[in-house]
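Read through the structure below, which is laid out as structure tokens, and then see the notes.
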Amino acid sequence: MADLSREELDGIYAFAVQLGKQAGKMLMDAAQLRIDGGDATTEEKEHVQKENAVDLVTETDENVEAFIKKQISDRYPSHKFVGEESYSKGSSRDYLIDGAPTWCVDPLDGTVNYIHLFPMFCVSIAFIHNSKPLIGVIYAPFTNQFFSSCAGRGAFLNETQRLPLIQKPAVPPMPEKAPSGCIFSCEWGKDRRDTPDGNMHRKIESFVNMAAEVSGRQGRGGMVHGVRSLGSATLDLAYIAMGAFDIWWEGGCWEWDVAAGIAILQEAGGLITTANPPEDWANAPIEEVRLGSRLYLAISKLMLGILDPQGLQQRKQDGRRRRGQYGKSGEEYAI
């Protein structure tokens, strides 16, 4: 596909920002109705299960996606649209991203949080061209956090604060023995099978590995400052871009879970790649992130300076990859 001009991309970005604000207002208005006295019967009918009791969809998800899809179709009729609820309902199974201009949308990431009025829910909108996320918008209306980015323009919180929040730290904020002393983020996920080879058990192993003292777990203890699970992979990535989280690892993500976050994190100078280490992990080059890989590892810009003092570009030039304490498990591997 032909490259977009700077003017075209800036126009798409302005449209995406406005669309994100409108969609976020819809989410907050729906939440406010419940806060102001929505009856229990309506709330019970408002959400239904998809695959299990923690994989839910609400009427709000569907209404917001329909609104976003129509706005995009009216403005850019030739662009493709990939949305979580459209895919879940089977209206589109051609979900893989190709070279065509594509909008990738999760109308409500953190649906369980939204149902319980836990503030960590958001709308996620990404614009993708030539298979690369170029524009990302993530709006968490309950906390009034608006993350956005456009390729070549940087990443921002609430449109004015450049990300990461700490641009030129006087003292390196990350400990030399990282991941010890860092904040690690990983979600529980929707696969709750209680089997040794299930994703839940592998994630629990990761949680324990990262939390354990350095001498524990046969030398695999991470002794991180904290393990965080927001209930929203999209916001996890936004917090990595912000520098509030240092490391994020996740398996089972769909394109709409990560596309906007990838765009924002990359513009904020962070790293996201596959979490599956190659056989020759000490010498293999860092792989470019690929939408659809389902398994991801993200590192904040501030963290990269500790893991790789020479900088990410030098790492790529050298073709070397430091895995630190990352080892097997996850869908295939766990930290």
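Glycine is no exception: its Cβ is also placed from the backbone N, Cα and C atoms.
Worth saying up front: this structure is predicted, and the values here are computed from it rather than measured.
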Recorded Mg(2+) site member, picked from ASP257, ASP280, that accompanies GLU84, ASP106, LEU108, ASP109 in TrEMBL:
ASP257
To test your reading of the Mg(2+) site: which residues beyond GLU84, ASP106, LEU108, ASP109, ASP257, same chain only, put their Cβ within 8 Å of the Cβ centroid of those residues?
ASP61, VAL105, PRO107, GLY110, THR111, VAL123, SER124, THR234, TRP256
Assigned element (helix, strand, coil) containing ASP257 (Mg(2+) binding site), judged by DSSP:
helix
